[in-house]
Amino acid sequence: MTRIFSGVKPTGHLTLGNYLGAVRRWVEVDQYRAEALFSVVDLHALTVEHDPARVRRLSRQAATLLLAAGLDPKRCTLFVQSHVDEHARLSYLLECTATDGELRRMIQYKEKSVQARAAGQSVRLSLLTYPVLMAADILAYGTDEVPVGEDQTQHVELTRDLAVRFNQRYGHTFTVPRATRPEVAARVMDLQDPTSKMGKSHANGSGIVYLLDDAETVRRKVMRAVTDSGRDVEYDREGRPGVANLLDLMAAATGGNPEALAGVYQTYGSLKKDTADAVVELLRPVRERHAELAADPGYVDQVLRDGALRARETARPLVDRAYRAIGLLPAG
Ligand code: ATP
Ligand code: MG
């Protein structure tokens with residue numbers, strides 16, 4: 001059976017980008033058609049300046065939101081990365097497989113290290129090695145498919161390279177995974193800055209729709225979205241990124257096609273209004289279910305405990321095999 005792995009980092013509140021780029025497919029498709037594992041990848045949240053209490057809170061919130069969005073613990077495995085030691089164990093072997101040059105070429109490393117320095121912060125070594133840990137997250141489960149947003153393409157490519165290299169050097173050990181992306185909204189852009197992607201850890205939240213925003217806030221953010229001074233509604237991601245982003249959102253929320261939708265609207269105003277309504281309706285059930293689940297943290301804890309147990313059982317034999325393959329003496 002196909003195996004799927006994907007995750008979200010508890011670096012901030014989950015966004016509409018996370019939902020449309022990744023989570024919605026996990027819920028609607030992936031958990032039904034494959035053996036799927038989804039993780040709140042908390043170790044990755046330590047790669048940038050962090051507040052311990054906030055990371056802990058956001059980890060629980062992310063898990064609760066994933067359940068609220070519709071992950072069913074009977075159909076998939078939901079767990080917290082740090083509860084399963086195999087990720088860190090395997091990451092070290094992959095650090096011995098990767099080169100510093102290939103990690104320094106990662107776009108997200110370049111962007112996030114510039115951001116950290118601009119904020120007067122030092123760049124943690126783990127920010128550089130983050131894609132290796134991500135490769136370990138994926139490879140530890142013999143993953144075939146990784147449903148992610150477009151921004152993760154380069155990291156999944158690196159994961160493939162590391163798997164192939166390890167297999168060539170030490171004998172076949174890892175499945176070589178591939179990324180899958182949604183047809184629309186694989187890259188949701190920031191509503192205030194439609195040339196950069198909507199990201200949950202961005203400092204300014206006014207262009208970000210969070211899954212837990214109330215209806216009024218969502219409407220306000222969408223209505224204030226930056227467009228351009230043109231008039232005709234056209235789908236042109238390069239030339240008119242703001243309008244294209246709204247068309248993508250509208251298409252993703254209603255199941256339409258962004259090019260076809262462009263022909264339906266005469267003004268930016270009417271497009272914004274309908275998009276705002278569509279996004280509000282899309283998120284309403286998630287927010288309502290989150291409120292119910294948040295009232296029962298014991299249930300979420302239980303799901304995460306069971307999930308970690310299952311994840312560990314799946315990962316351990318494969319990671320043990322990798323330890324032997326690379327030349328480490330098994331414990332007697
Ligand atoms: P951070 O800013 O901390 O990197 P993030 O919002 O990028 O946060 P991640 O936890 O890195 O969130 O990514 C979780 C998933 O959401 C990944 O599959 C990623 O590709 C997807 N994703 C993130 N942002 C977007 C976006 N703007 N559009 C589509 N998919 C996205
Ligand atoms: Mg990200």
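Positions of Cβ are set from backbone N, Cα and C atoms, glycine also.
Cβ neighbours within 10 Å of LYS9 (ATP binding site), excluding its own Cβ and spanning all shown chains: 26. Marked as ATP binding site by TrEMBL: LYS9, PRO10, THR11, GLY17, ASN18, GLY149, GLU150, ASP151, VAL188, LYS197, MET198, GLY199, LYS200, SER201.
Counting Cβ atoms from all protein chains shown, ASP137 (L-tryptophan binding site) has 27 others lying within 10 Å of its own Cβ. What TrEMBL records for ASP137 is L-tryptophan binding site.
Among the features that TrEMBL reports, motif ''HIGH' region' is placed at 10-18. Sorting each residue of the motif ''HIGH' region' (10-18) by its DSSP state yields 3 helix, 1 strand, 5 coil.
The average pLDDT computed over the motif ''KMSKS' region' (197-201) stands at 92. Look at TrEMBL and you will find 197-201 tagged as motif ''KMSKS' region'.
Of the candidate binding-site residues, LYS9, THR11, MET198, LYS200, the one lying closest to ASP137 (L-tryptophan binding site) when CA atoms are compared is LYS9. Comparing the binding-site residues ASN18, GLU150, MET198 on other C-beta atoms within 10 angstroms of each C-beta gives the minimum for GLU150.
Neighbours of THR11 (ATP binding site), defined as other CB atoms within 10 A of its CB across all chains, total 21. By the rule that a residue counts when its Cβ sits under 6 Å from some atom of ligand 1, the binding-site residues LYS9, THR11, ASN18, ASP137, LYS200 yield LYS9, THR11, ASN18, LYS200. In terms of DSSP helix, strand and coil, the motif ''KMSKS' region' (197-201) has 0 helix, 1 strand, 4 coil. Residues from the binding-site residues list (THR11, ASN18, ASP137, GLU150, MET198, LYS200) with a C-beta closer than 6 Å to any atom of ligand 2: none. Under DSSP, ASP137 (L-tryptophan binding site) is assigned to a helix (H, G or I) in the three-state scheme.
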